[in-house]
Ligand SMILES: Nc1ncnc2c1ncn2[C@@H]1O[C@H](COP(=O)(O)OP(=O)(O)OP(=O)(O)O)[C@@H](O)[C@H]1O
Ligand SMILES: Cc1ncc(C[n+]2csc(CCOP(=O)(O)O)c2C)c(N)n1
Ligand SMILES: [Mg+2]
Ligand SMILES: [Mg+2]
Ligand SMILES: [Mg+2]
(Lines of atoms letter the chains of each structure in order from A and count residues from 1; the text may use other names and numbers.)
(Lines give C-alpha, C1' and ligand atoms only; values in the text may rest on other atoms or scores of the structure.)
(Ligands and ions follow the chains in the order given, each with its own letter.)
Protein backbone atom coordinates (compact mmCIF):
# COMPACT_ATOMS: atom_id res chain seq x y z
CA UNK A 1 0.00 0.00 0.00
CA UNK A 2 1.35 3.43 -0.95
CA UNK A 3 1.19 6.75 0.87
CA UNK A 4 1.40 8.10 4.36
CA UNK A 5 -1.03 8.07 7.24
CA UNK A 6 -1.53 11.82 6.67
CA UNK A 7 -2.50 11.29 3.02
CA UNK A 8 -4.98 8.56 3.95
CA UNK A 9 -6.57 10.49 6.82
CA UNK A 10 -8.06 9.25 10.07
CA UNK A 11 -11.10 7.48 8.67
CA UNK A 12 -9.25 6.05 5.71
CA UNK A 13 -6.73 4.61 8.15
CA UNK A 14 -9.45 3.16 10.35
CA UNK A 15 -11.01 1.55 7.27
CA UNK A 16 -7.67 0.05 6.26
CA UNK A 17 -7.03 -1.25 9.78
CA UNK A 18 -10.43 -2.74 10.46
CA UNK A 19 -10.73 -4.33 7.00
CA UNK A 20 -7.88 -6.67 7.94
CA UNK A 21 -9.49 -8.12 11.04
CA UNK A 22 -10.96 -11.53 11.68
CA UNK A 23 -13.61 -12.32 14.25
CA UNK A 24 -14.61 -15.03 16.72
CA UNK A 25 -18.01 -16.26 17.96
CA UNK A 26 -17.50 -14.24 21.17
CA UNK A 27 -17.47 -10.98 19.18
CA UNK A 28 -21.10 -9.89 18.92
CA UNK A 29 -20.34 -6.36 17.65
CA UNK A 30 -16.85 -5.68 16.27
CA UNK A 31 -15.24 -2.42 15.15
CA UNK A 32 -17.44 0.30 13.58
CA UNK A 33 -19.78 1.41 16.34
CA UNK A 34 -19.22 3.48 19.49
CA UNK A 35 -18.03 0.37 21.30
CA UNK A 36 -17.67 -3.35 20.74
CA UNK A 37 -19.80 -6.02 22.37
CA UNK A 38 -18.04 -9.19 23.47
CA UNK A 39 -19.69 -12.21 25.06
CA UNK A 40 -18.59 -12.83 28.65
CA UNK A 41 -20.00 -16.26 29.50
CA UNK A 42 -18.43 -16.17 32.97
CA UNK A 43 -20.21 -12.86 33.79
CA UNK A 44 -16.88 -11.45 35.00
CA UNK A 45 -14.47 -9.71 32.63
CA UNK A 46 -10.68 -9.87 33.01
CA UNK A 47 -9.17 -6.63 31.67
CA UNK A 48 -5.60 -5.41 31.25
CA UNK A 49 -3.67 -2.76 29.33
CA UNK A 50 -0.04 -2.22 28.33
CA UNK A 51 1.69 0.44 26.25
CA UNK A 52 4.60 0.13 23.82
CA UNK A 53 6.53 3.29 22.91
CA UNK A 54 8.93 3.52 19.99
CA UNK A 55 12.51 3.80 21.23
CA UNK A 56 11.55 2.43 24.66
CA UNK A 57 9.97 -0.90 23.76
CA UNK A 58 10.86 -1.37 20.12
CA UNK A 59 12.95 0.11 17.36
CA UNK A 60 11.75 0.26 13.78
CA UNK A 61 15.20 -0.79 12.56
CA UNK A 62 15.13 -3.91 14.80
CA UNK A 63 11.52 -5.03 14.47
CA UNK A 64 8.99 -4.89 11.67
CA UNK A 65 5.58 -3.38 12.34
CA UNK A 66 4.24 -6.94 12.14
CA UNK A 67 6.65 -8.01 14.91
CA UNK A 68 5.57 -5.07 17.09
CA UNK A 69 1.94 -6.07 16.57
CA UNK A 70 2.65 -9.66 17.57
CA UNK A 71 4.55 -8.48 20.64
CA UNK A 72 2.01 -5.86 21.72
CA UNK A 73 -0.76 -8.44 21.52
CA UNK A 74 1.33 -11.14 23.20
CA UNK A 75 2.21 -9.08 26.24
CA UNK A 76 -1.43 -8.24 26.88
CA UNK A 77 -2.80 -11.69 26.11
CA UNK A 78 -0.16 -13.13 28.48
CA UNK A 79 -1.50 -10.94 31.30
CA UNK A 80 -4.98 -12.36 30.71
CA UNK A 81 -3.59 -15.92 30.74
CA UNK A 82 -1.61 -15.16 33.91
CA UNK A 83 -4.90 -14.54 35.72
CA UNK A 84 -6.06 -18.00 34.68
CA UNK A 85 -8.37 -16.64 31.99
CA UNK A 86 -8.84 -17.25 28.28
CA UNK A 87 -8.28 -14.12 26.14
CA UNK A 88 -11.35 -13.01 24.19
CA UNK A 89 -10.77 -9.54 22.77
CA UNK A 90 -8.21 -6.83 22.20
CA UNK A 91 -8.43 -3.08 21.55
CA UNK A 92 -5.69 -1.00 19.93
CA UNK A 93 -4.92 2.64 20.79
CA UNK A 94 -2.44 3.92 18.22
CA UNK A 95 -0.50 7.19 18.18
CA UNK A 96 1.22 7.64 14.82
CA UNK A 97 2.91 10.58 13.02
CA UNK A 98 1.21 11.78 9.80
CA UNK A 99 4.49 11.17 7.88
CA UNK A 100 4.49 7.47 8.73
CA UNK A 101 3.91 5.16 5.75
CA UNK A 102 0.47 3.54 5.94
CA UNK A 103 2.06 0.12 5.74
CA UNK A 104 3.41 0.51 9.28
CA UNK A 105 0.01 0.60 11.03
CA UNK A 106 -1.53 -1.91 8.64
CA UNK A 107 1.26 -4.44 9.23
CA UNK A 108 1.03 -3.73 12.96
CA UNK A 109 -2.64 -4.66 12.77
CA UNK A 110 -1.81 -7.86 10.88
CA UNK A 111 0.52 -8.80 13.74
CA UNK A 112 -2.08 -8.04 16.40
CA UNK A 113 -4.69 -10.03 14.49
CA UNK A 114 -2.45 -13.06 14.03
CA UNK A 115 -1.29 -13.17 17.66
CA UNK A 116 -4.91 -12.87 18.77
CA UNK A 117 -5.71 -15.88 16.59
CA UNK A 118 -3.00 -17.89 18.35
CA UNK A 119 -4.72 -17.15 21.66
CA UNK A 120 -8.29 -17.53 20.39
CA UNK A 121 -9.12 -13.82 20.63
CA UNK A 122 -9.92 -11.05 18.13
CA UNK A 123 -9.27 -7.32 17.78
CA UNK A 124 -12.60 -5.60 18.42
CA UNK A 125 -11.81 -1.90 18.33
CA UNK A 126 -9.40 0.90 18.98
CA UNK A 127 -8.49 4.51 18.29
CA UNK A 128 -6.01 6.34 16.06
CA UNK A 129 -4.44 9.69 16.95
CA UNK A 130 -1.70 11.76 15.33
CA UNK A 131 1.40 12.32 17.45
CA UNK A 132 5.18 12.58 17.35
CA UNK A 133 6.17 9.17 18.74
CA UNK A 134 4.62 5.89 17.66
CA UNK A 135 2.80 4.55 20.68
CA UNK A 136 0.87 1.29 20.72
CA UNK A 137 -1.55 1.00 23.60
CA UNK A 138 -3.34 -2.33 23.83
CA UNK A 139 -6.20 -3.41 26.06
CA UNK A 140 -7.13 -7.07 26.34
CA UNK A 141 -10.19 -8.77 27.77
CA UNK A 142 -10.57 -12.33 28.95
CA UNK A 143 -13.00 -14.87 30.32
CA UNK A 144 -12.46 -17.00 33.43
CA UNK A 145 -14.80 -19.79 32.28
CA UNK A 146 -16.01 -20.41 35.79
CA UNK A 147 -12.56 -20.78 37.35
CA UNK A 148 -11.42 -18.46 40.13
CA UNK A 149 -8.80 -15.88 39.09
CA UNK A 150 -5.26 -16.71 40.17
CA UNK A 151 -3.84 -13.53 41.71
CA UNK A 152 -0.34 -12.60 42.82
CA UNK A 153 -1.44 -12.76 46.45
CA UNK A 154 -2.09 -16.46 47.11
CA UNK A 155 1.41 -17.98 47.52
CA UNK A 156 1.89 -19.83 50.83
CA UNK A 157 5.09 -21.05 52.55
CA UNK A 158 5.77 -24.62 51.40
CA UNK A 159 4.40 -24.03 47.87
CA UNK A 160 6.50 -24.91 44.83
CA UNK A 161 7.48 -22.28 42.29
CA UNK A 162 7.20 -23.48 38.70
CA UNK A 163 7.66 -21.83 35.34
CA UNK A 164 6.57 -22.57 31.79
CA UNK A 165 7.78 -20.80 28.65
CA UNK A 166 11.00 -19.10 27.67
CA UNK A 167 13.32 -17.27 30.10
CA UNK A 168 16.16 -14.97 29.07
CA UNK A 169 15.72 -15.48 25.33
CA UNK A 170 14.38 -12.00 24.65
CA UNK A 171 17.11 -10.42 26.79
CA UNK A 172 19.79 -12.40 24.94
CA UNK A 173 18.26 -11.26 21.63
CA UNK A 174 18.20 -7.69 22.90
CA UNK A 175 21.89 -7.96 23.84
CA UNK A 176 22.69 -9.22 20.34
CA UNK A 177 20.69 -6.46 18.63
CA UNK A 178 22.16 -3.78 20.93
CA UNK A 179 25.63 -4.78 19.78
CA UNK A 180 24.66 -4.36 16.14
CA UNK A 181 24.23 -8.06 15.26
CA UNK A 182 21.21 -9.81 13.75
CA UNK A 183 22.01 -13.38 14.80
CA UNK A 184 21.77 -15.96 16.35
CA UNK A 185 18.33 -15.72 14.81
CA UNK A 186 16.45 -17.76 17.41
CA UNK A 187 17.25 -15.22 20.13
CA UNK A 188 16.64 -12.16 17.95
CA UNK A 189 13.31 -13.67 16.90
CA UNK A 190 12.46 -14.35 20.54
CA UNK A 191 13.03 -10.67 21.27
CA UNK A 192 10.92 -9.57 18.30
CA UNK A 193 8.08 -12.02 18.84
CA UNK A 194 7.68 -13.57 22.28
CA UNK A 195 5.68 -16.80 22.47
CA UNK A 196 3.78 -16.82 25.75
CA UNK A 197 2.32 -20.19 26.75
CA UNK A 198 -1.26 -18.89 26.77
CA UNK A 199 -2.87 -22.28 27.42
CA UNK A 200 -0.78 -22.71 30.57
CA UNK A 201 -2.57 -19.91 32.47
CA UNK A 202 -6.03 -21.46 32.59
CA UNK A 203 -4.38 -24.90 32.92
CA UNK A 204 -2.46 -23.72 36.01
CA UNK A 205 -5.69 -22.42 37.51
CA UNK A 206 -7.16 -25.88 36.94
CA UNK A 207 -4.15 -27.50 38.60
CA UNK A 208 -4.70 -25.39 41.72
CA UNK A 209 -2.06 -22.66 41.29
CA UNK A 210 -1.99 -20.45 44.39
CA UNK A 211 -0.41 -17.40 42.69
CA UNK A 212 0.58 -16.56 39.13
CA UNK A 213 2.25 -13.85 37.07
CA UNK A 214 3.69 -13.54 33.58
CA UNK A 215 7.37 -12.66 33.37
CA UNK A 216 7.53 -9.21 31.76
CA UNK A 217 10.12 -7.42 33.90
CA UNK A 218 12.34 -10.41 34.77
CA UNK A 219 11.91 -13.54 36.88
CA UNK A 220 13.30 -12.03 40.09
CA UNK A 221 11.27 -8.84 39.66
CA UNK A 222 8.04 -10.66 38.83
CA UNK A 223 8.47 -13.24 41.61
CA UNK A 224 9.07 -10.17 43.76
CA UNK A 225 5.56 -9.02 42.84
CA UNK A 226 4.17 -12.38 43.99
CA UNK A 227 6.28 -12.35 47.17
CA UNK A 228 5.17 -8.81 47.99
CA UNK A 229 1.49 -9.44 47.34
CA UNK A 230 1.55 -12.80 49.18
CA UNK A 231 3.77 -11.56 52.07
CA UNK A 232 6.19 -14.45 51.62
CA UNK A 233 9.78 -15.02 50.58
CA UNK A 234 10.67 -16.94 47.43
CA UNK A 235 13.92 -18.78 46.87
CA UNK A 236 14.98 -19.64 43.31
CA UNK A 237 17.26 -22.66 42.86
CA UNK A 238 19.48 -21.67 39.95
CA UNK A 239 20.66 -25.25 39.29
CA UNK A 240 17.08 -26.12 38.29
CA UNK A 241 17.02 -23.56 35.51
CA UNK A 242 18.38 -24.85 32.21
CA UNK A 243 20.62 -22.52 30.26
CA UNK A 244 20.71 -23.56 26.59
CA UNK A 245 24.24 -24.03 25.26
CA UNK A 246 23.64 -21.41 22.55
CA UNK A 247 22.77 -18.88 25.25
CA UNK A 248 26.02 -19.73 27.02
CA UNK A 249 27.85 -19.11 23.75
CA UNK A 250 26.26 -15.66 23.32
CA UNK A 251 27.05 -14.87 26.95
CA UNK A 252 30.69 -15.74 26.32
CA UNK A 253 30.75 -13.66 23.14
CA UNK A 254 29.30 -10.53 24.75
CA UNK A 255 30.77 -10.96 28.24
CA UNK A 256 27.49 -11.44 30.13
CA UNK A 257 26.64 -14.27 32.54
CA UNK A 258 23.54 -15.79 30.85
CA UNK A 259 22.05 -16.46 34.29
CA UNK A 260 21.58 -12.68 34.43
CA UNK A 261 19.33 -12.86 31.31
CA UNK A 262 17.41 -15.83 32.65
CA UNK A 263 16.82 -14.32 36.09
CA UNK A 264 16.31 -10.66 35.18
CA UNK A 265 15.50 -10.44 31.45
CA UNK A 266 11.85 -9.61 30.86
CA UNK A 267 9.71 -9.66 27.75
CA UNK A 268 9.56 -13.44 27.16
CA UNK A 269 6.21 -13.60 28.97
CA UNK A 270 6.81 -17.01 30.45
CA UNK A 271 4.27 -17.83 33.14
CA UNK A 272 5.47 -18.38 36.69
CA UNK A 273 3.16 -19.81 39.31
CA UNK A 274 3.17 -21.22 42.81
CA UNK A 275 1.46 -24.52 43.59
CA UNK A 276 0.74 -26.50 46.74
CA UNK A 277 3.56 -29.06 47.19
CA UNK A 278 1.40 -32.11 46.43
CA UNK A 279 0.47 -30.86 42.93
CA UNK A 280 0.95 -33.20 39.94
CA UNK A 281 2.54 -30.90 37.40
CA UNK A 282 2.82 -31.81 33.72
CA UNK A 283 6.47 -32.12 32.65
CA UNK A 284 6.39 -28.86 30.67
CA UNK A 285 6.37 -27.00 33.97
CA UNK A 286 9.81 -26.72 35.55
CA UNK A 287 10.01 -26.46 39.33
CA UNK A 288 12.56 -23.73 40.02
CA UNK A 289 12.14 -22.83 43.64
CA UNK A 290 10.00 -22.69 46.74
CA UNK A 291 7.93 -20.35 48.81
CA UNK A 292 9.24 -19.64 52.32
CA UNK A 293 8.21 -17.66 55.36
CA UNK A 294 9.30 -14.01 55.27
CA UNK A 295 12.64 -13.31 56.94
CA UNK A 296 15.28 -10.63 57.14
CA UNK A 297 16.48 -11.66 53.66
CA UNK A 298 15.16 -9.92 50.51
CA UNK A 299 11.78 -11.19 49.32
CA UNK A 300 13.40 -13.07 46.45
CA UNK A 301 16.68 -14.91 46.92
CA UNK A 302 18.74 -17.07 44.57
CA UNK A 303 20.17 -20.23 46.17
CA UNK A 304 19.39 -18.76 49.57
CA UNK A 305 21.33 -15.54 49.03
CA UNK A 306 20.42 -12.01 47.91
CA UNK A 307 20.79 -11.32 44.18
CA UNK A 308 23.24 -8.46 44.14
CA UNK A 309 22.97 -7.11 40.59
CA UNK A 310 19.85 -5.53 39.11
CA UNK A 311 16.70 -7.60 39.60
CA UNK A 312 14.90 -6.55 36.42
CA UNK A 313 13.34 -3.79 34.37
CA UNK A 314 12.05 -0.54 35.85
CA UNK A 315 10.87 2.16 33.41
CA UNK A 316 12.10 4.98 35.60
CA UNK A 317 15.38 3.33 36.57
CA UNK A 318 14.31 2.51 40.13
CA UNK A 319 16.14 -0.33 41.82
CA UNK A 320 14.28 -3.61 41.84
CA UNK A 321 15.66 -5.49 44.81
CA UNK A 322 16.47 -9.13 44.49
N1 LIG B 1 -1.48 4.09 35.25
C2 LIG B 1 -2.05 3.13 35.97
N3 LIG B 1 -3.28 3.31 36.47
C4 LIG B 1 -3.88 2.33 37.18
N5 LIG B 1 -3.33 1.14 37.44
C6 LIG B 1 -2.11 0.92 36.97
C7 LIG B 1 -1.39 1.90 36.22
N8 LIG B 1 -0.19 1.39 35.87
C9 LIG B 1 -0.17 0.15 36.37
N10 LIG B 1 -1.31 -0.15 37.04
C11 LIG B 1 -1.66 -1.41 37.67
O12 LIG B 1 -0.59 -1.88 38.45
C13 LIG B 1 -0.45 -3.31 38.35
C14 LIG B 1 0.96 -3.64 37.92
O15 LIG B 1 1.20 -3.08 36.65
P16 LIG B 1 2.34 -3.63 35.70
O17 LIG B 1 2.22 -2.84 34.43
O18 LIG B 1 3.63 -3.64 36.38
O19 LIG B 1 1.88 -5.14 35.47
P20 LIG B 1 1.99 -5.96 34.16
O21 LIG B 1 1.19 -5.31 33.09
O22 LIG B 1 1.68 -7.36 34.52
O23 LIG B 1 3.54 -5.85 33.81
P24 LIG B 1 4.20 -5.28 32.46
O25 LIG B 1 3.62 -3.91 32.22
O26 LIG B 1 5.65 -5.26 32.80
O27 LIG B 1 3.85 -6.25 31.38
C28 LIG B 1 -1.50 -3.75 37.36
O29 LIG B 1 -2.61 -4.24 38.08
C30 LIG B 1 -1.88 -2.48 36.63
O31 LIG B 1 -3.22 -2.48 36.16
C1 LIG C 1 14.39 -0.23 22.14
C2 LIG C 1 14.27 -1.09 23.35
N3 LIG C 1 14.95 -0.76 24.48
C4 LIG C 1 14.83 -1.51 25.60
C5 LIG C 1 14.04 -2.64 25.60
C6 LIG C 1 13.96 -3.52 26.82
N7 LIG C 1 12.69 -3.38 27.56
C8 LIG C 1 11.79 -2.43 27.33
S9 LIG C 1 10.44 -2.59 28.32
C10 LIG C 1 11.09 -3.95 29.11
C11 LIG C 1 10.40 -4.68 30.24
C12 LIG C 1 8.92 -4.69 30.25
O13 LIG C 1 8.34 -3.43 30.03
P14 LIG C 1 6.82 -3.09 30.39
O15 LIG C 1 6.74 -2.99 31.88
O16 LIG C 1 6.53 -1.79 29.72
O17 LIG C 1 5.99 -4.22 29.85
C18 LIG C 1 12.34 -4.25 28.58
C19 LIG C 1 13.20 -5.38 29.02
C20 LIG C 1 13.35 -2.93 24.41
N21 LIG C 1 12.51 -3.97 24.32
N22 LIG C 1 13.48 -2.15 23.31
MG1 LIG D 1 1.60 -3.39 32.56
MG1 LIG E 1 2.01 -9.16 33.79
MG1 LIG F 1 6.74 -3.87 33.42
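Note: Cβ is positioned from N, Cα and C throughout, glycine not excepted.
Lifted from TrEMBL, the feature list:
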type: BINDING; residues: 34, 48, 79; note: Mg(2+) 4 binding site
type: BINDING; residues: 34, 79, 214; note: Mg(2+) 3 binding site
type: BINDING; residues: 49, 50, 127; note: Mg(2+) 1 binding site
type: BINDING; residues: 57, 267, 313; note: substrate binding site
type: BINDING; residues: 126, 127, 152, 216; note: ATP binding site
type: BINDING; residues: 217; note: Mg(2+) 5 binding site
type: DOMAIN; residues: 32-142; note: domain 'PurM-like N-terminal'
type: DOMAIN; residues: 156-246; note: domain 'PurM-like C-terminal'
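With a cut-off of under 6 Å between the Cβ and any atom of ligand 1, the binding-site residues 34, 57, 127, 216, 267, 313 reduce to 216. Among the binding-site residues 50, 127, 267, the ones whose Cα sits within 10 Å of the Cα of residue 216 (ATP binding site) are 267. Take 126, 127, 152, 216, the residues named in the record as contacts for ATP: the widest Cα to Cα gap among them comes to 31 Å. Apart from the site residues 57, 267, 313, the chain places the Cβ of 170, 216, 217, 266 no farther than 8 Å from the centroid of the site's Cβ atoms, the recorded substrate location. Secondary structure at residue 267 (substrate binding site), taken from DSSP and collapsed to helix, strand or coil, is coil. Ligand 5 lies under 6 Å from the Cβ of the following binding-site residues, listed in sequence order from 57, 126, 127, 216, 217, 267: 216, 217. Counting every protein chain shown, 19 other Cβ atoms lie within 10 Å of the Cβ of residue 57 (substrate binding site). Listed binding-site residues: 79, 152, 214, 216. Those with a CB atom under 6 Å from ligand 4: 79, 214, 216. Among the binding-site residues 49, 50, 126, 217, the ones whose Cα is located within 10 Å of the Cα of residue 267 (substrate binding site) are 217. Within 10 Å of its Cβ, the residue among the binding-site residues 48, 49, 216 with the fewest other Cβ atoms is 49. In the vicinity of ligand 2, defined as a Cβ distance under 6 Å, the following of the binding-site residues 48, 152, 214, 216, 217 are placed: 216, 217. The Cα atom of residue 50 (Mg(2+) 1 binding site) lies nearest to that of 79, taking the binding-site residues 34, 79, 126, 214, 313 as the candidates. For the domain 'PurM-like N-terminal' (32-142), residue counts in helix, strand and coil come to 34 helix, 42 strand, 35 coil, using DSSP.
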